[in-house]
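Annotation source Swiss-Prot lists Zn(2+) binding site at His212, Cys214, Cys295, citing sequence analysis.
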Amino acid sequence: MSDEITILPTTVIGSYPRPKWLRETIRLHRAGKVNQEDLEEAFNDAVVTVVRDHQEAGIDVPTDGEMRRDEMVEFFAERLSGFKFYGHVRVWGDHYYRKPSVTGKIKYNNPMLLDEVNFAKSVSYTQNLKVTITGPYTISEWSYNEYYKTQRDMAFDLAKVINQEIKNLVDIGIKVIQVDEPAIHTRKEDVEWAIDSINESIKGVNVKVVLHVCYGEYSYLEPHLDKLKVDQINLALKNYNYTPVKLFKKWDREIGVGVIDVHNRKIESVEEVAEDLRKLLEYFKPEMVWVNPDCGLKLLPRKIALQKLINMVKGTLIVREELKKKGYTNTTLKPLINR
């Protein structure tokens, strides 16, 4: 695998809409009408579909769409010791999830992602596959704590098991790891130790590490940016009309800029994406900018999600060509800092 990638690399955050036939297969499996082997085949077929969509759109660094994950915390809690589920809780509107409870010491059992990542690698059009994993603070924040003295203690035990999982992914050749922390700015007083737990989760990881943050009070994060040991911060920006950008002007590593609003079915035009990128490049060095949607696309209809990605890439290509005329060609896939 080359250590270089084209200037303004395009990527996705992680999740992608499940095809309707996969949702139906999952429903039938839960009703006892589809066996586990057929369900696994359906998951694999869905990953192939996602990879083809990403290829059609022209995404430089794709994911597997998180086809096997019902929810970003539940998936990992099901696979770790120390968690128990009591039932569903309401998140917002008519959306529910199985909020886990921590009832014992959190321990790592077996690799959680290796099989699905190996399959995604086998069908991907590029070796530059990104793998996402929910971070320690978000899992601790979105779980009930019935065991640990403090949430901080819980988060640091989570960080240790996440670190094991990430290192297993690195061992099979994954070069880009994204830690998802949408909850990191829930409470201002937690941010400093939350960052410490994230750093613990990526300790000794010698590939590119991305931190995805979205939808919250970015100003809580800004005073602590210098403590983050990640190569890239990936942000939801379009939904905010880019107003948080000024908080990250001093950030001197990579930044993933969200230029697609995932909570709006309106499809951004190619020129809209290009113009937004030109404005963002007034704040950040071109070689440090990656291009992505604000967040995961799973809640959008698939046709809309795909067209949003197509337009995102086309808009990026316009600005990429403008940069090439100024002498910019490639950027690096290597990690930028030692951990």
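Yeah, the Cβs are placed from backbone N, Cα and C, and that goes for glycine too.
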Taking the Cβ of Cys295 (Zn(2+) binding site) as the centre, how many other Cβ atoms fall within a 10 Å radius? 27
Please list, in sequence order, every residue of the chain apart from His212, Cys214, Cys295 whose Cβ lies within 8 Å of the Cβ centroid of the Zn(2+) site. Ile13, Asp180, Pro182, Val213, Tyr215, Asn234, Leu235, Ala236, Gly258, Asp294, Gly296
For Cys214 (Zn(2+) binding site), the three-state class that DSSP assigns: coil
